[in-house]
Amino acid sequence: MADASHDTQVSGHLTAIHGSVVDVRFPQGVLPALNEGIVIDRDEPTPVLAEVQQHLDPVTIRAVALGNTAGLSRGVSARALGTPIQTPVGDAVLGRLLNAVGKPADRGPELPPSTVFRPIHASAPALNRLGASQEIFHTGIKVIDLLAPLVKGGKAAMFGGAGVGKTVLIMELIRTTVERYSGISVFAGIGERSREGHELLLELKQSGVLPRTALVFGQMNEPPGARWRAGLTALTIAEHFRDVQHENVLLLIDNVYRLVQAGGEVSGLLGRLPSRVGYQPTLASEIAELQERIASVAGAAITSIQAVYVPADDFTDPAVAEIFSHLDSSIVLSRQMASEAMYPAVDPLASSSTLLDARLVGEGHYRTAQEVRKTIAHYRDLQEIIALLGIEELSAIDRQAVKRARRLMRFLTQPFMVTVAFTGKEGRTVEVADTLAGCRAILDGEADNWAESSLYMIGVLEEARERERASAKAMS
């Protein structure tokens, strides 16, 4: 973090330490402003950064530390920076892994002296600056492009419990979108495992997209203040590329729910009374502070894709419901589908997008998507009857619907590039036209007599045709 403070810094001293929260006393009449940065000196080479959150009295502030407070004691000196905490931005951070306060954490060289710094707190773009894009953001993932298309400059989130594939989807999207759009990617890892961050860094290096990517990590072992502000640090980097360098940016956040959890920890340490289900009373405003800054302006856009952990698979959870309200596309991951190895485990009925409109995606795409949904919904309605009585008890029309629904669900599975090491299957990126053609052929009955396995984990439908031809040849 650059020392971008005023020429004269106001000094004070610690009067109390409550875990990650510290109280600092300053001279009368020079109290730092809310959200201003505080540097707490200690014997170690790296000082502790904190952020002002409360004014307790005319001479005392309460601040949240963004680093480890172990070793601090009352009486230690502290300095107000005169500005909010700032993060490095621009080309200097591309290919680098930073912590929540913008310090390199990848054992690489120090950032160059010419690096530009920018405060992590900023206002959302004014309404007259916003640009309304209706350009579809193609991901190459069949089920998303068909049923929950993303918009360039919009916000999408993947909802799911633990272990259903959110992080794998995020990693695949980084790879495919950087290759397709040649833009900048900014990844915020909030409250996730160190192992996952290491794997992501290696994957980005191996795929050659790291030079166009900046990573910001606030890992699960770090203090809540660091996890709480890692998202704003990453967003500030993305805003600089959008506003100053006029680049289109892909902002990926894994995991927004961990940011909410960190905010809850901070809220408790600050002494605020919890609200519904124990969440912080500022839940809505904290989520909005992040989400409303993710926007498109004339000439450049920030497209955001976020992973959201759903506690106990409860989609009525207040934090999950609040995040839903800010999105253009919602991609819901199903534990049932994951248990059946139907990857990506995207629920075709629960997932939705405001972009799935005939005026935006075209009449053919809209009609095919609706037929796919209707067919799968009909199959799910019949599943209980099938379990009790068997498929033979269904009418011929219902049996045909079941047959096509099961083949559609298998066609919408897809191997990913980032999972080749685990599955041994080469990843596929599929154009929307190929996805629509494949679904249309299945709906029209072409695959009625094919083995379901022929459609499983493929890209385009032609692969299934080849499997069927090979199978027929082997049997003849």
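Placement of Cβ uses the backbone N, Cα and C atoms for every residue, glycine included.
Sequence-distant neighbours of VAL164 (ATP binding site) (same chain, six or more apart, CB under 8 Å from its CB) are LEU333, SER334, ARG335, ALA338, ALA345, listed in sequence order. Here Swiss-Prot flags GLY160, GLY161, ALA162, GLY163, VAL164, GLY165, LYS166, THR167 as ATP binding site, drawing on sequence analysis.
Annotated ATP site GLY160, GLY161, ALA162, GLY163, VAL164, GLY165, LYS166, THR167; additional same-chain residues within 8 Å of its Cβ mean position, judged by their own Cβ, are TYR309, LEU333, ALA338, ALA345.
With the fewest other Cβ atoms inside 10 Å of its Cβ, the least crowded of the binding-site residues GLY161, GLY163, GLY165, LYS166, THR167 in this structure is GLY163. Taking all protein chains in view, 11 other C-beta atoms sit within 10 angstroms of the C-beta of ALA162 (ATP binding site).
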